[in-house]
Amino acid sequence: MPDRVVRVAVTQAEPVWLDLQATIEKTCRLITEAASNNAQLVAFPETWIPGYPCWIWSRLVDFDLNVAYIKNSLRVDSPEMERLQACAREAGIAVSLGFSENSNNSLYISNVLIGSDGEIKVHRRKMKPTHMERTVFGDASGHCLQSVAQLPFGRVGSLSCWEHIQPLLKYNTITQNEEIHVAAWPPLNSEVGDEIPWSMTAEGCKTLSRTYAIESGTFVLHCTAVISESGINSLGTLGGALMSTPGGGHSTIFGPDGRRITDHIEETSEGIVYANLDMDELVVNKMFADCTGHYSRPDLLWLGVSQEIKPVVRPQRAEVDKGTNDQVE
């Protein structure tokens, strides 16, 4: 018998597009459902609240949708976030939540890890939004490099979407002794046109999550959203490069050796994927390779990290020195 088994849940669902309150309601229902099935952790996809801005891959700008998106994005210090925290606490389950964060009407692709006590353990932002995402979202600061927290059942962290192609960012995350990793993605197309890289398809993105599992030796919760015909009509993505056909749901779980340990849900369907994680498997894989431990060479190769918050207004060094000298006088 394994010493430690952790039951996890990965959602595959469609948000209520551009509707903060309705998506909060749906989130609480899914949290409660996962907890009722004895899950200790439930994962939600990238920008689950209020949904991914899919139209950015169809046209350069949409003023009306962008304004609605800003208004319906989630603030960290808000009654809506407090409600989600209370829901996690009442259900007794940890929650990894991807959301569009509104900070003074600037947006960020963000994630919070909420413990079963309802407290926020990690709040991070995507370090660099990908390609067209930069028309909507800003960059993270250095403090968001701390992305893993200890929960009662293990160490949990997350990255968003194509952060999984960033070798240095991945390595920084792995050094935090992660055991369970949430890979948060938007709806993913099974097929795309020749002009779109294969790495942006559902299979390409699953490959990135699976590679992270092998590199890190962690369990990876690959979490995606669904977009329906109604969602396509609401967001005006029909005929666009991505997220223009119903589907997008490819949620699954990978073991630390890279094997898929869950069955797929049909990509147009909503549901929750569950798995019981045998945490002894982490030890078996670390025996073979530990890229931040016995299988590393820090005498030859190492990573430098700055975790500072860089404020937009800060004194010049000369002014700081002058202030110090004035005090001495």
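In case you wondered, yes, glycine gets a Cβ from its N, Cα and C as well.
Swiss-Prot annotations:
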DOMAIN    6-279  domain 'CN hydrolase'
ACT_SITE  E46  active site, proton acceptor
ACT_SITE  K126  active site
ACT_SITE  C161  active site, nucleophile
Local confidence of the prediction over the domain 'CN hydrolase' (6-279), expressed as mean pLDDT: 97
Three-state secondary structure, which DSSP defines for the residue listed as 'active site, proton acceptor': coil
Cβ neighbours of the residue listed as 'active site' where a neighbour is any other Cβ within 10 Å: 27
Structural state of K126 (active site), classified by DSSP into three states: coil
Same chain, 6+ residues apart, C-beta under 8 Å of the C-beta of E46 (active site, proton acceptor), given in sequence order: Y52, G98, I109, S160, C161, A184, W185, P186, A225
Local Cβ density at C161 (active site, nucleophile) - other Cβ atoms counted within 10 Å: 25
Where C161 (active site, nucleophile) falls in three-state DSSP terms: helix
